[in-house]
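Taken from TrEMBL, the feature domain 'Transglutaminase-like' applies to 262-355. The feature active site is assigned by TrEMBL to Cys270, His329, Asp352. Among the features that TrEMBL reports, Ca(2+) binding site is placed at Asn392, Asp394, Glu441, Glu446.
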Amino acid sequence: IALLSGVDLQCYENNHAHRTEEMDMEQLLVRRGQPFSVVLQCTDHIPRLPDHQLNLILHLGKNNEVVLKVSDSEQDHGKWWFSQRNAQGEVMLTLHSPADAPVGLYSMTVVLLSADGQLLEQTKSQTFYLLFNPWCKDDSVYLPSEELLQEYILNENGILYQGSWDDITTVPWNFGQFEKDVVDICFEVLDNSPAALKNSEMDIANRGSPVYVSRTITAMVNANDDRGVVSGRWDGEYSDGVAPTRWTGSVPILRRWSEGGGQRVRYGQCWVFTGVACTVLRCLGIPTRCITNYSSAHNTDANISVDYLFNDQLENVSEGRKDSIWNYHCWVESWMKRDDLPEGFDGWQVLDPTPLERSDGVFCCGPCPVHAVKEGEVGLKYDTPFVFSEVNADLIFWIVHPDGERIQVSQNSKVIGRNISTKSVYGDFREDITANYKHPEGSMKEREVYKKAGRQVGQKNKDPGQLELFIKHAPAIHGTDFDVIIEVYNSGREDTDAQLTVTSNAITYNSIHRGECQRKTTSLTVQAHKAHEEVLRLQYDHYGACVSEHHMIRVTVMNCSINTSTVSLALVLLSMTDICSTFQIIGKAIVSHKLTAHISFTNPLPVSLQGGVFTVEGAGLTEAIEIKTHGKIEPGQAVTVKFSFKPTRAGLRKLLVDFDSDRLRDVKGEATVIVRTKMQNRNAVPEI
C-alpha cells in the first residue's frame, strides 16, 4: 500500500511570505536564504517514522543536470537542509536554502527510505522557482530598506527620462515583472545565453552570483550576438517591426520573444533595452532602477574626448565611426555586493544593455561600480573606462579647412554627463544622482580623479575673442513655429564685422543626422560692448517633413570675425514637446469587474493625420490591446475611443496609452487607478 499520497506546496502561504504572491498563486516561487514549508500527505497506514527515513532530492536545470540531496541536519553549513514535524496523517517539511544558492527552476522529490536505506517510495516530482532575496542579510543583493525594495523590486510601473538636459521629459513604462508567465520568460532568457547553451552545468553553478546573472542579462536583452530579446535600430526604418517609440512596456516584448521561439523582437533603442532589463532583473530579485544620463558621450576611440568636426559651411565632416553626444542615454543600476573586487565597491552597479561597444567580445556592459566611476578607478571590472567616458568626456569643436588643416575652436569639460536622473522612491518625480557619478565640476577632487583615471585635465576654453555667442529659444512645441534667438556680444573696444551662419538640423536622440531644416547666413557689424540679436524662425513647414520620431532639432551657429579671422561655434539641442492623450475612467475599479475607459486625443498639427491607432496596457489591469481610429483626423479635431477591461490584481495601478499615426508618432498618456478586491459599502461601520 502506498504510504505517500502527495505533496502540498502551500503556494499561497509560501508566496505570500516570500513576497511573490503578485507573480502567481498556483506556482511555488520562493526566495533563497528564507525557509519555506511544504506538507507531505500520507495515507492512514504510515508506520511510525523512526522506522523510516525521509529524504528530499532536488534537481536543477532544464534537463535535471544538477542533483542536490537535501540534508536533514543543519550541520552542513551553506547547504540545503530540512526539518520535519509530524501531524495527523501529514508531515510538515521546512526547507532551508543557502543564501548563495543558484536561482532557477528546481524540481523536488520526497523519498521514503527504510531504516537500512532501501528506497521504499517516492513522490511525483514537483517544481518551484528560487529567486534572489534582497530581504535576506546573507544574500549578496541584500538591500536594508523596505522603502527602496518597494520601488526597486516590487513596483511594476516606472518613469523613463528623455528630452534634453535643460528640458527633461518623462515616458511612463510598464515593467510588469509580476505579470503572467514573465518569470518563466526571464529564466528562458538565461537558458538561451551562449554560456548556458555551451555548458549548462557550469552556467547553473554560476547562477548564484548576481554579478554573473546581471552581466548575462545585459548581453541577452540585446540581440546582437546571441538569441537575445530586442534588436536595436536607429535609422528610422521600422516597417518590418515595431518602432522603438511605440512600446509602452516590457511584457509584450518578452512575450513576443518567447512565443517566437527566441526570435529577436524588432525594434528597440536605449530606453527599451533599459526597460526590459529592469523587468527581468526585478523579476529575478535583484534591486534595479532605470537611469538617464544627459549629454552622454559615446566615445569610439578611447581618448575620453568627443570630437566634432565641421567645415567652413558648417557641415559635419567627421569620418568613419564618429564620436557623438547622445541627447540622453539610458541604462540600469542594480544593487549587489562585489566580492570579486577590493572593498568599497559594493552597492549600485551600472549595467548597460544597449549594444554600444563589445566587452570581452560581446555586446554587454557592466556590472561597473558607480563608486569606481566617481573615483576614477578605471581598472576595476567591468567596463569602467567606457562608463567613465560617458559621464566625463570633453567636447572639442574643430573647423576643417578645404586644405585639410584642423583648427581647434573650443574644448569644454562641463557639458557631458549632466542631470543624471532616476525616478524617486517617494513618487513620480525625478531624483538627481549626478553626485553619485562625479565630483563637482572644476573641484580639486574632480581634477585628482581625472589624473587617477590617466587622462589629461581638460584645458579651459581658450579666450573666446571679442565676439561671444549665446543661443536662446522659446518653448518648442511640435507642430508649431517657434523662434531661436542668437545673440552675438562684442566684449571689445572696437566695432567688429562678422559673418554669422545658422543651421537647424533634424536629429535623433543619439545624434544621427536626418536632414537640414533651415539655413541662414548674415553679414553683420557688432558695436563695441553691445549685442546683436539674430532671429531664426523654425517653421513646421520646414522641419515637419524631416524631423525624427524623437522630435529633436539641433541648431548650430558659427561666427567668423572678419577683423581677427577668429571662429566661434555654439550649438543647442531642442527637444519638442507633444500634446498628451487624456483619460477618463468610468466607475470603480474592482478585481474581475468590468471597467470602461474613455481616451481622447486632439490633433495638434496643422496637417491631417491618418492611420491613427491607440495601444493600451497596464500591469494588473489589461494586456496590450490596439484600438484603431477611422478616417482622417483633421487639424484641431478631437477623437475619442472607449474600451472595457477587467482588472486582474488589486492595488495602485497605471493604465498606459500610446497614440500613433502617419505624421505624429507615439504620443503617450497615462491614468492611475486604485483597484480593490471587492465592492465596499461606504456606509458600513468598520470592524474593530
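Glycine too: its Cβ is placed from the backbone N, Cα and C atoms.
With respect to Asp394 (Ca(2+) binding site), the closest of these active-site residues in Cα terms is His329, chosen from Cys270, His329, Asp352.
Neighbour density for Cys270 (active site): within 10 A of its CB lie 27 other CB atoms from the protein chains shown. Residue environment of Asp352 (active site) contains 31 other Cβ atoms, counted within 10 Å of its Cβ in all protein chains. Note on the binding-site residues Asp394, Glu441, Glu446: the fewest other CB atoms within 10 A surround the CB of Glu441. The recorded positions listed here (His329, Asp352, Glu441, Glu446) include His329, Asp352 as those with a Cα within 10 A of the Cα of Cys270 (active site).
Residue counts for the domain 'Transglutaminase-like' (262-355) under DSSP (helix as H, G, I; strand as E, B; rest coil) come to 15 helix, 40 strand, 39 coil. You'll find the Cα of Glu446 (Ca(2+) binding site) roughly 24 Å from the Cα of Asp352 (active site). Distance between Cα atoms for His329 (active site) and Asp352 (active site): 10 Å, as a whole number.
Sequence-distant contacts of Asn392 (Ca(2+) binding site), defined as residues of its own chain at least six apart whose C-beta falls under 8 angstroms from its C-beta, comprise Ala297, Ile304, Ser413, Ile416, Gly417, Lys438, Tyr450, Ala453.
Counting in whole angstrom, Asp352 (active site) lies 24 from Glu441 (Ca(2+) binding site) by their C-alpha atoms. His329 (active site) counts 25 other C-beta atoms within 10 Å of its own C-beta, drawing on all protein chains shown.
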